[in-house]
Amino acid sequence: MTVSLARLERQLGYTFKDQELMVLALTHRSFAGRNNERLEFLGDAILNFVAGEALFERFPQAREGQLSRLRARLVKGETLAVLARGFGLGEYLRLGSGELKSGGFRRESILADALEALIGAIYLDAGMEAAKERVTAWLTSEIESLTLVDTNKDPKTRLQEFLQSRGCELPRYEVVDIQGEPHCRVFFVECEITLLNEKSRGQGVSRRIAEQVAAAAALIALGVENGHD
């Protein structure tokens with residue numbers, strides 16, 4: 001074990017039995033050989049479960065849609081990158097030369113992905129309880145700062161935060177039709193996102209309202225909300 005990895009383990013609050021798992025979790029796809037993408041996939045699933053369970057227990061009166069919105073905030077890339085920077089994770093990443101030169105060790109998405117990969121690695125190294133304990137410890141202050149007021153956001157904001165938490169492109173809104181007289185127009189808007197094969201649609205007496213309706217429809221189509229929250 002190198003001194004640097006031992007230092008990172010102290011920051012994480014976890015000592016790996018299998019050091020190769022830790023090294024793999026820190027290996028970006030730009031680096032030659034095996035990379036951390038599979039561990040990231042596993043860690044993402046564990047993170048969502050642990051965060052969901054913690055929110056379920058903290059907010060017993062919250063509706064499903066509220067819990068989903070809180071979890072999206074909790075596991076979004078920005079939150080994970082802040083945690084990763086707190087651990088000094090960037091200096092331990094194994095990056096290809098091009099990614100290294102372009103400052104990949106500072107990039108939000110790379111840091112967030114590596115942290116998820118470490119969660120997956122801890123799970124494989126010591127099981128679910130160990131992974132759950134570390135994730136809960138890392139997120140405790142963030143969870144405690146959340147309130148149900150955080151769910152009282154408009155659909156466009158909720159959709160944007162959900163997509164950002166998944167590392168997806170932001171939605172694109174387009175006015176496809178305007179009907180009616182100038183004093184009583186109705187705007188028709190389509191919302192396009194990469195996770196859906198079909199565009200969601202909305203209409204309203206202003207472009208802003210139509211976009212909000214389209215965003216709400218997209219959230220329902222994604223299964224994030226059920227239309228009754």
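Backbone N, Cα and C atoms are what each Cβ position is placed from, and that goes for glycine too.
Record features, source Swiss-Prot:
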type     : residues              : note
DOMAIN   : 5-127                 : domain 'RNase III'
BINDING  : GLU40, ASP113, GLU116 : Mg(2+) binding site
ACT_SITE : ASP44                 : active site
ACT_SITE : GLU116                : active site
DOMAIN   : 154-224               : domain 'DRBM'
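Across the structure, ASP44 (active site) and GLU116 (Mg(2+) binding site) place their CA atoms 6 angstrom apart.
Counting residues of the domain 'RNase III' (5-127) by DSSP class, helix then strand then coil, yields 90 helix, 2 strand, 31 coil. Averaged across the domain 'RNase III' (5-127), pLDDT for the predicted model comes to 92. Around ASP113 (Mg(2+) binding site), a 10 Å sphere centred on its CB holds 28 further CB atoms from the protein chains shown. Surrounding the centroid of the Cβ atoms of GLU40, ASP113, GLU116, where the record places Mg(2+), the chain contributes additional residues within 8 Å, namely ASN36, GLU37, LEU39, PHE41, GLY43, ASP44, ALA112, ALA114, LEU115, ALA117, GLY120. For the recorded positions GLU40, ASP44, GLU116, counting C-beta atoms within 10 A of each C-beta gives the highest total at GLU116. Here the domain 'DRBM' (154-224) has, by DSSP, the following mix of helix, strand and coil residues: 30 helix, 20 strand, 21 coil.
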